[in-house]
């Protein structure tokens, strides 16, 4: 491949996700494969503003494919939202001889990339990295599959003790705006009910469902709740509500929290990261810009960044139905 | 749904795979949801011949979604390949009031199902359960995703010791006819080379690749080898060959073996099993027969059993290229 | 062995712990080995009062050694604290032909056993089962080792994201009265500070320590906090306090909760459970009563129940020092 | 502490084991705590001969407590067995200003340390690091506990598929001279028989035991075999022998291999490593030499190196009996 691009910068931005290191590795090694240079930019856009750069060769990314987190670290940068911040960042890229950028992050990070690219006519390519799976243009974001396995592993443990004591557990998982984690992990963990932002089950139906579950002979129950679920109560308020209305239940709360963002990535996420990194670099080398690489119908595909930012993912309503049938 | 089918039998057949229990649970609960009866048939077709049946209700499958293996057990049955065997099996189904069959297994099991269904005009539906992912008509078979995670978990451990001693490890994974496990887990584990049945890398290129890897400064190397790889040497012969030709390598062998078939299923496999079980039962209730349920483009879809049996899956050649770039 | 004891009852009581199933299995199989009968008593003392018994043979406990929770279920029973409750329980034991009792649980459960045994001159033997490791007379209680591994696995994941964002995490672990989990898992997870019930570090020293940690170049920090730590603030109040006083820290909270009680037991806990079960049954057969079996200096040993109840475990102060040195 | 020792070298030698990194971290930070310098010596004694040294401060060992392998790498050195080799090593230590040595490894490594120390009157301290647990003077060597958990995790997976197909599995685990892994993991995994170097069960008793197991209604069986077991057949020869004599068994072999040496250390191994590292450094600072630090009766204790080398560990015969009872 001959291309005007001789040096690519790569950064991770926003909330970290398992698989980000595997994606960095893929970007770095694909650059090396095509005999172009690669620069790691630390702490996302903030590091771009501060010129926190480091040359990376194929050996810089040895033994990171299986590590959670991001060796480039991540940060949010309010300065990058200002003209001065963007100008400083651009000046640093130019000074460093960097011709193009791969941004690994979520839609907030993509908005920054899109704006920056338009302002300075600078080639950028996005790789979707967030456990929430809420990015339009890909069936899977980096880290989603790993987070699901982390969640079901925790709930399997909780179920051991729930079964031993005939208890009801309310388990809060991540997902402020999207119920993908709750819905998939809920089915995977055999939850009796799943509360998500996209669907208002209603408190009344929840109580009915729990009563039915008890009547059907189940000795313990798990309810999986996305942070941003529609009912709008905190998981602790929900506990109080259930105990008031269903005093026969001994109810406990578990908030899984940030461990969902960490851990060694699953095989799926490692392969995904490897594929997306190759495609991101090669698309830049082909002269493309302002796209996100993702998986569509099990194939790597490009989606214009602007669509990835503005589009909305939807939960698969078939899964709601499957969940309903499974809790029979 | 009103249907002539009032009682469905479910069995697991062939090599077991993680997610089979989750699929059994899904079949049983979907039957209960639609208020029809469900019967578990033990030890595959052999149990069908021997009338080894057990009524199953929604509580019979509590707490199995996260268990490896199959509570219905599996077996190979040579008797089922005879007319007498098939007749006995049919008589038992009729005697038990069973109207339709869900068969969870691989293509050998589907051939049996197809033949039986044609002989007795008996409704059958297949669910692909095998870690090898070598079934046409679905992007994923039950157990494949879990097996990949098992394999990379093992190779991550092996890499710890490989790195500490600057060694070359030859790791044999399952896959007599198909390289899906080797190819995906090889990329996921960061293997330097991957040998699969579908592609003859050749011994010479392997040596060149290992020499290049050493020259590039890598201190340790992993080669992942499918059981049925094209080179045709056993992994132990390969070790001898490499040590003769590259005496600077301290080479070790690891054969992962049957642990790849076990373990608690991944979230992906549990959700997949739940979806496929629902679709299998509901397709039978809609009067369909002789199909396999599977995933095509991230959606549950039907493929005629005959195609599933005769079709061949192909490895994604993009992955070969990704593997090549990643070992830079 | 010839003994007057012909049938032994076994129950689990109090909070469940990984390894309880392995202990039940051991009790049941040791009875079979010595050709005496064994009866499982469900839901602890409450099931004893209600006569919720089930005969158990060696095949009843197949495939449970690796399962979390307790197949006999656990419960707390206020009725067992009354004379009527104890009388009913005794009558049921006599009616069932049960000659002796193995109680798997914590010190509350042992108090009940001790009282019951004295009232009715009934042989009892205790097996310490609780993740908290707060029982006098054994270096390890069942479940403690497993819980430690669960906790460090979670904190390893949290550290991935903590490092990526340069954050401070406050991680609350179980331990209302004892800091064993916090102290060991804190060292194991590389925590910068560990707060436990046995030692008042004081808020001021915590702040100093965090400032020193930052100054030493650490980019992220983990503080592990036992539920019952001496400072007396909730983990959320602590977060507010730290953020007020050390505004440079971006502080997050994670409460690990009940998952610490579940999961497949570690090898240590499985072997421990097997050893203690053998000793408990054989001690009863030798005519002993009112002892707890435990590990002292790596050997199985007996401690009078009354001492196990009244004694206090102490944290190993060497570990406090090790923790201090490790956070250099 | 005031001491003549101002700079300590640390190395890992022999087969690697999980927890070695945690021990390196502990040595490095304990040096920093006592304000003395620390130098990492790469590739064991070979690196000592080649002067492959690196200064290490407390931040050099960030985030390694949870990593398998050894960041200092390990190697065997035949040159170190020569007078010239030892002289070169000594000269390098003197040139580097190193006053004392901490050697993390097994008894072969300790022999080298002992000999070297005597030749040059050089202070050395040993930390037992090997998964085999075959070092006299400590109840646990670094990595033993982790290896046990790795083994039972594998066998749990194998049992899933063994149970599904009613098969007999022969599982070979590490242990050329010592049966500690086989005995403990065998009990932990619920093996029907355990073959170890210390005890000649005899082929005849093995067959009888397997026949009894089948007769007792067990549908699958696991036999755990240490590499160096007394029967003296390879595990593959054993398979042939069993199939000839017990044709009703469908027998499979699994050789777990080097993955037993890798993986993230268990909490026990991390805490152990931290404790032993502190004690090793502080003992050197107190002027002691030629000791191994280890655990005796749950306390850190010193054993003269010469005893650690010459002494023999013995299996706990109580465990043999427990195993026998558990397979009832």
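Including glycine, each Cβ sits where the backbone N, Cα and C put it.
Neighbours of residue B:132 (active site, proton acceptor), defined as other CB atoms within 10 A of its CB across all chains, total 26. Per TrEMBL, the feature active site, proton acceptor maps to B:132.
In the three-state DSSP assignment, the secondary structure recorded for residue B:109 (ATP binding site) is helix. Marked as ATP binding site by TrEMBL: B:15, B:76, B:77, B:106, B:107, B:108, B:109.
Under the three-state DSSP scheme, residue B:219 (ADP binding site) falls in the coil class. A 10 Å cutoff on Cβ-Cβ distances gives residue B:219 (ADP binding site) a total of 16 other Cβ atoms nearby, all chains included. Feature annotation from TrEMBL assigns ADP binding site to B:25, B:26, B:27, B:28, B:29, B:159, B:190, B:191, B:192, B:218, B:219, B:220.
Under the heading Mg(2+) binding site, TrEMBL lists B:107. Non-local neighbourhood of residue B:107 (ATP binding site): B:134, B:135, B:308, B:309, each in the same chain, at least six residues away, with C-beta under 8 Å from its C-beta.
Cβ contacts within 10 Å of residue B:259 (substrate binding site), excluding its own Cβ and spanning all protein chains shown: 28. Taken from TrEMBL, the feature substrate binding site applies to B:130, B:131, B:132, B:167, B:174, B:175, B:176, B:227, B:252, B:258, B:259, B:260, B:261.
Feature annotation from TrEMBL assigns domain 'Phosphofructokinase' to B:7-283.
When the C-beta distance to chain D is held to under 8 angstroms, the binding-site residues B:77, B:130, B:176, B:252 reduce to B:252, listed in sequence order. In sequence order, B:13, B:14 are the residues near residue B:108 (ATP binding site), counting only same-chain partners six or more apart with C-beta under 8 A. Counting only same-chain residues six or more apart in sequence, the Cβ atoms lying under 8 angstroms from the Cβ of residue B:76 (ATP binding site) belong to B:13, B:14, B:44, B:46. Using a Cβ-Cβ cut-off of under 8 Å to chain A, none of the recorded positions B:15, B:76, B:107, B:130, B:132, B:174 qualifies.
Between the CA atoms of residue B:132 (active site, proton acceptor) and residue B:25 (ADP binding site) there is a gap of 22 Å, rounded to the nearest whole number. Largest Cα to Cα distance within the recorded substrate binders B:130, B:131, B:132, B:167, B:174, B:175, B:176, B:227, B:252, B:258, B:259, B:260, B:261: about 33 Å as a whole number.
In the three-state DSSP reading, residue B:261 (substrate binding site) counts as helix.
Here ADP is bound by B:25, B:26, B:27, B:28, B:29, B:159, B:190, B:191, B:192, B:218, B:219, B:220 per the record. The longest Cα to Cα distance in that group is 52 Å. Of all the binding-site residues listed here (B:77, B:109, B:130), it is B:77 whose C-beta has the fewest other C-beta atoms within 10 angstroms. When the alpha carbons of residue B:176 (substrate binding site) and residue B:190 (ADP binding site) are compared, the span between them is 22 angstrom.
Note: the CA-CA distance between residue B:109 (ATP binding site) and residue B:130 (substrate binding site) rounds to 11 Å. Residue B:259 (substrate binding site) has B:15 as its nearest neighbour among the binding-site residues B:15, B:27, B:106, B:190, B:219, going by CA to CA distance.
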